[in-house]
Amino acid sequence: MRSEQPLYNKRLFSDIIDKSTHFKEGLGLDKQKYLLDEVKRIEDLKRYEYEAYNNGFRYIAGIDEAGRGPIAGPVMAAAVILSRDFFCPGINDSKKLTALKRSKLAAEIKKQAISWSVAAVFPSYLDKVNILNATREAMLLAVKNLSPRPEFLLIDAVQLPDIDIKQYPLIKGDSLSVSIAAASILAKVERDRVMEAFDSLYPGYGFSRHKGYATREHLQSLLRLGTCALHRVSFEPVKSMVLGARYGEQPALFE
């Protein structure tokens, strides 16, 4: 599957403008221009979706993950099926958005989506199967919870084994596909909420601030408190810290 040029659907392009509540009489010219530019940008982000539609697929799911890099917390994946006329101004790769913007967009994506699902794999299992396999399992769980069942998958970089649905892994897909961008936002927002909830269950680590990433604050709390059930013991420096504790050694986290 390859798409180099935007595959605009002119009828849908016009319908979005005509039907959108954003285009009400009296809207300022600057806002109108912004929204028109967003229509064009988002239609361009649908190029892979349109190619799949043109090949006879009706339900196309975008899939992405959040939380592969942290040393604590689950890896989470989201799967989203959007309609052909989906329009959500501001949608983009979640990494390019503020937390507040992501939260607002997530609510709108859930409102407009045909179906959406989020799944998680926690460290107790992640450490047994490795982060790549844990990511795949979270993605598979998210896909299986969609209804209707998707007929085609657009996935950010990862190939999913053991699933009888046609798929296309797209490098940097969260910047190239509107469906993957939507999934990236949902996965990130839901994971952040999970880590904020765990902050009260495991006080002192600062999970609500760093979300499990290896910040200096987090590493200092590890030295002070030791590990908790959320920490990934297969990830460094947690692995060395756990091994050091077993043999009476103190890891040098800041060398």
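Using N, Cα and C of the backbone, Cβ positions are placed for all residues, glycine too.
These come from Swiss-Prot:
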type	residues	note
BINDING	D64, E65, D156	divalent metal cation binding site
DOMAIN	58-247	domain 'RNase H type-2'
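Around the Cβ of D156 (divalent metal cation binding site), a 10 Å sphere holds 26 further Cβ atoms from the protein chains shown. Same-chain neighbours of the divalent metal cation site beyond D64, E65, D156, judged by a C-beta within 8 angstroms of the site's C-beta center, are, in sequence order, I63, A66, A77, A78, T135, M139, I155, A157, V158, G173, D174, I180, A183, S184, A187. Comparing local CB density within 10 A for the binding-site residues D64, E65, the maximum falls on D64. Taken as a whole, the domain 'RNase H type-2' (58-247) shows an average pLDDT of 96 in this prediction.
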